[in-house]
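Here the structure is laid out as structure tokens; the discussion comes afterwards.
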Amino acid sequence: MTFKSGFVAILGRPNVGKSTFLNHVMGQKIAIMSDKAQTTRNKIMGIYTTDKEQIVFIDTPGIHKPKTALGDFMVESAYSTLREVDTVLFMVPADEARGKGDDMIIERLKAAKVPVILVVNKIDKVHPDQLLSQIDDFRNQMDFKEIVPISALQGNNVSRLVDILSENLDEGFQYFPSDQITDHPERFLVSEMVREKVLHLTREEIPHSVAVVVDSMKRDEETDKVHIRATIMVERDSQKGIIIGKGGAMLKKIGSMARRDIELMLGDKVFLETWVKVKKNWRDKKLDLADFGYNEKEY
């Protein structure tokens, strides 16, 4: 039997459902999700393998107009995938009109010389007439290889999109073992799960100012639990107070919710300790960005 493989980038503005789509395809959480824009900060591979194919999806940070060094990192990280992949999924939301952000991405896609599939997500939120109007608008902007409407949240048409990708794969190598689902180490996934809970539970001023560093992660032979120590980094003392909460209640809630997800991922009992530290203006300091896992070497 001929084996086929290829790399597929998922690009789009923030909050269009890229990570939700990847997690649905993979059947488990690879990329964290929230309703906050710019939740994804790093490129994350989701490695989808069957007996006849391997599709390596690359989930990317939402492309936006950056205001910090962290924002620059995120946007360059996303665009760098255009040099690495065989196909691009350009994802747009069905319930929002085409905007300047979409046009900016389209101009880069036109210059990239790689096949682009337009994925219109969130079709569960609109009337079919609105969907058709949205598709026509984007079709007039560039020549897409395919246009596929989906609902990543409900799973509508997702398998059809995977089939289309599979049909267009070239014969190739199996780049990763069949049981490997991502390129990131467990420590990275743990830090992202803690950050996800911070995004879910705290107010608007917190999300973009938070980074999570896993200081240690090892199994305790006596308790047969994985002991994890993680530090939540913020930029201001006021943010530290919000995350800790009254009597430590918020930090305890963050830790409890994160621990459940981490246990599901690892298949082990977990003892999670979390601290909060202030690192002023870390989003504009390249050394701090590198220390917290946002390294220019990624692109």
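Heads up, the Cβ atoms here are built off N, Cα and C, so glycines get one too.
The domain 'Era-type G' annotation in Swiss-Prot covers 4-171. The region 'G1' feature in Swiss-Prot is assigned to 12-19; the stated evidence is sequence analysis. Among the features that Swiss-Prot reports, GTP binding site is placed at 12-19, 59-63, 121-124, with the record citing sequence analysis. What Swiss-Prot lists as region 'G2' is 38-42. What Swiss-Prot lists as region 'G3' is 59-62. The region 'G4' feature in Swiss-Prot is assigned to 121-124. Summarising the annotation, Swiss-Prot assigns domain 'KH type-2' to 202-280 and lists sequence analysis as the type of evidence.
Cβ packing within 10 Å was compared across the binding-site residues Asn15, Thr60, and the lowest neighbour count falls to Asn15. For Ile123 (GTP binding site), applying a Cβ distance below 8 Å and a minimum sequence separation of six or more within one chain yields Ala94, Leu131, Pro149, Ile150, Ser151, Asn156, Asn157. A helical conformation is recorded for Ile123 (GTP binding site) in the three-state DSSP classification. There are 22 other Cβ atoms within 10 Å of the Cβ belonging to Ile63 (GTP binding site). Counting residues of the region 'G1' (12-19) by DSSP class, helix then strand then coil, yields 2 helix, 1 strand, 5 coil. Counting other C-beta atoms within 10 Å of each candidate's C-beta, the binding-site residues Gly12, Lys18 are led by Lys18. Per-class residue totals from DSSP over the domain 'KH type-2' (202-280), listed helix then strand then coil: 32 helix, 29 strand, 18 coil.
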